[in-house]
Amino acid sequence: METFKSILHEAQRIVVLTGAGMSTESGIPDFRSAGGIWTEDASRMEAMSLDYFLSYPRLFWPKFKELFQMKMSGSFEPNEGHLLLAELEKQGKQVDIFTQNIDGLHKKAGSRHVYELHGSIQTAACPACGARYDLPHLLEREVPECTAAGNNGDICGTVLKTDVVLFGDAVMHFDTLYEKLDQADLLLVIGTSLEVAPARFVPEDASLIPGMKKVIINLEPTYCDSLFDMVIHQKIGEFARSLGMKK
């Protein structure tokens, strides 16, 4: 514990990589764990693919909403782990969070520099005209459409595309992640098994940066624990509470 506090105290530029384990204590399931959305029915991956959306946009949305309806309710709240990262920023540290989660809880906790690698469930855009929409509009109808008016006054009416990165979409912000990593003095990995590319390569690449400290906080061991200076096998909310963090 004291070693971790010392590492945090010395760090001024922190890159954080978070996964599903970051939000499980907020009530959001880990999709890839036992009983998760993908492990229960692998065919769901096909329905959540870019190809499926492009081919059947009106069939896509009911399936998408069924799978993610709990997340779209907006009822989930940040846990102590999210709040800990926001607090580090308040202390004057540069904290850049790169999350594989789509729940928006880092922003809800108050963190300002959040890069959503897999997009956000809170927003969508029109593939035709680029108009953007937030959650209330997406929930108004089973299949959300663009309501923007064109130059001729006609309503666009195109089926919106979620900002969630679908299977077949490109993961976002990885160039920015490596730019920030080159400037950082601490890599903090939280709640991810590091099994999914390209995130799985980050710890190894960080090991090549002179002076970089690396800490992982994850309930289960990962294949690359040996690359880290400190390994903590604990839930992040529980660990944050042990540091005195309260909701």
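Each residue, glycine too, has its Cβ placed from N, Cα and C.
Here the structure is a predicted model, which means the values were calculated and not measured.
Listed features, source Swiss-Prot:
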DOMAIN    1-247  domain 'Deacetylase sirtuin-type'
BINDING   PHE31, ILE102, ASP103  nicotinamide binding site
ACT_SITE  HIS118  active site, proton acceptor
BINDING   CYS126, CYS129, CYS146, CYS156  Zn(2+) binding site
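Positions of the features from Swiss-Prot, shown on the structure.
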residue	record	Cβ contacts under 8 Å, 6 or more apart
HIS118	active site, proton acceptor	THR99, GLN100, ASN101, ILE102, VAL164, VAL165, VAL171, MET172
CYS126	Zn(2+) binding site	ARG132, TYR133, CYS146, ALA148, CYS156, THR158, LEU160, LYS161
CYS129	Zn(2+) binding site	CYS146, ALA148, GLY150, CYS156, THR158
Legend entry - Neighbour count (Cβ, 10 Å) for ASP103 (nicotinamide binding site): 26
Inset, instruction - Determine the minimum-neighbour residue: among ILE102, CYS156, listed as binding-site residues, which Cβ has the fewest other Cβ atoms within 10 angstroms? - result: CYS156
Legend entry - Additional residues around Zn(2+), ordered along the sequence, whose Cβ is within 8 Å of the centroid of CYS126, CYS129, CYS146, CYS156: PRO127, ALA128, GLY130, ALA131, GLU145, THR147, ALA148, GLY157, THR158, LEU160
Inset, instruction - Determine, from DSSP, whether CYS129 (Zn(2+) binding site) sits in helix, strand or coil. - result: coil
